[in-house]
Amino acid sequence: MTALEESAAGAARTARPGRAAHPHGAWRTALARPLGRVAVAYLALLVVCSALAPVLAPYRPTATDLDHILSLPSGAHPLGTDALGRDVLSRLLYGGRTSLVDAALAVGVGMAVALAAGLLAGYFGGWLDRGFTWLVDVMLAIPVIVTLLAVLAVIGNSMSAAMIALGVLVAPGIARVVRGATLAVRNELYISAARVSGLPHRHIVVRHVLPRVAGPVLVQASLLAGGALLMDAGLSYLGLGARPPAPTWGNMISEAAGVIDRQPWLLVPPGVVLGLAILAFGLLGDVLRDTSAERTTRRLAPARPVPVTGRKVVEPTTALLSARNVTISVPGPDAPVRVVEGLDLDIGPGECVGLVGETGCGKTITARSVLGLLPPGAAVTAGSIRFDGVDLATASRATLTGLRGTRIAMVFQDPGTSLDPVVTAGRHVAELVRRHHGGSRARVRARTMELLRSVGFPEPEQVAGRYPHQLSGGMAQRVAIAMALAGEPRLLIADEPTTALDVTVQAGILGLLRDLQRDNDMAILLISHDLRIIATMCDRAYVMYAGHVVESGDVAGMFRNPAHPYTDGLLRSAPRRATPGEHLTAIPGTVPPPGSWPVGCHFAARCLLATDECRAAPVPVARLRPPRRTRCLHFDELSGGRA
Ligand SMILES: Nc1ncnc2c1ncn2[C@@H]1O[C@H](COP(=O)(O)OP(=O)(O)OP(=O)(O)O)[C@@H](O)[C@H]1O
């Protein structure tokens, strides 16, 4: 099945909600709604009219006409005149300039502070986040209006200072929204994929996180603009803003209130203009909130392995990746809990090695430790992981960042989630090509197309312009693989790369990985719970159970004569061994969770061969015929001495 056929197949499959809509999309959708259009049109009209006040206003804002005092609308004064005979329309137009600029100042300051603080705290977490939370709690306890009055009292009647202070005072609340949105995005797989690819934090935040938090930010900006207009009018009404005769909408309302008994009409023009402006900002915020919550749809295509022939078993003499006695711990309720223990693993250059086991055995966390991408609080607490001579467990952040994407790359399980929903396939690949190789736009584009072609898109231009939701699962995974190849890695970690794919697509992806491995002399660590995939793809494999590698060796020998009851159980429960009409064989029981591992063999509770000796003490690793090893005392009973 070609990639384009995958596309057609994907289109027919069930659509599933994707991630947040692109901010531009949110704007477009907002404008497609009548309320959004009306709000934007009204606000645009206010801005244009205020900006063109010197052209549009029939009079100067301070020009008095003593023959027409407190007059109703007339031909000469379309909105009437105030107590000094000044033209209300002209003052409204000029007043809008001051009021809108004040509101813009508050929004600008508030958003700048909130975005910077919220993004930093949400993206980096840790002590930065804790400090942020503490500071926000303190700031939110400060009463806004009292502080503004204090600022005005100290600085004098400077509305600009008041608006800057307003921006700073409301920023913590908005920053909390930004932080929340960033936290959600930070845990997305495509952010991990971007980090794995070696993109710097600044780039990831600007290109991938910011567009995703833009929706909530726009909503907050809109609501803040309305609030700032109201605050500006309120302070002017109290006589704390621009000094008369300079017009602001607040001043005009204040002056109209003074003569309300003689000419109530005077309150109408500024009141309506201001009220509608605040309403428009509120409506715009509502519409933006609704639209930014809408999801794009994307299609998923799930997969099937097909045997790949021509495999050669290689026993590494000089390992590219070598893990020794690795222990990984995660934070537990009382003390750190071990999730991987005493792990040894080697991958030779150009070798395809499998890591297999039931869910929760520690496969993914092992792979993430290689990339220095362990979850917060988790750490390699013992052992060493050497890659091409560098100890990854103790390497600096800069070293790890330098290795990611260029020397080691990763492909994740769910291709849809490893791509940013608001970035096209071509841009995904191009930004990594630019990052790793640089060069002119033309060179980056040419290399991008070359990479897309190499992963099975005969017409890469067609695919480059598509967004992730326009790709089938298989196509998305091919794009993710092209991204991983951009840095020409020596080791590719593929974490269940076909689990989320249709069986009809799985074979294509596996074949592609195998071809790329051969053509690029690239090593692959293939993580899977599917023995068939390991059997068809890998030269050697490691079987993991409850944090331990329980057996390792060449795939052919291990699957023919397993030397651990767990490997044997996995092979026996493979569906292809099932007999029609009979129940599938299954290993009884479940994997013990970390923290509840027994002292002895972790598999003992589910093992038919287990004896007291197995339960009494940790079982050492026994070396069988190279490269076979097992963590079982009874391997001979299983393999009959053939292992
Ligand atoms: N951040 C974390 N905090 C606490 N425990 C964790 C964390 N990440 C993983 N674990 C635990 O570590 C163990 C191994 O998880 P891991 O994801 O590596 O398993 P896996 O074999 O890859 O499973 P799957 O096939 O489902 O991905 C699991 O018991 C899991 O609950």
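Backbone N, Cα and C define each Cβ position, glycine as well.
Where the annotation comes from TrEMBL, it is an automatic prediction and has not been curated.
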Original post:
Which is it, of 1-23, 277-299, 300-322, 323-345, that TrEMBL names as region 'Disordered'?
Top reply: 1-23
Original post:
So which of 38-57, 103-125, 132-155, 267-288 has the most C-beta pairs under 8 Å when paired with the transmembrane segment (161-178)?
Top reply: 103-125
Original post:
Taking residues 6+ outside the transmembrane segment (38-57), which of them lie with a CB under 8 Å of any CB in it?
Top reply: 30-31, 87, 89-90, 93-94, 96-97, 100, 273, 276-277, 279-281, 283-284, 287
**OP:** Calculate the per-residue pLDDT averaged over the domain 'ABC transporter' (321-571) and state the result as an integer.
**Re:** 88
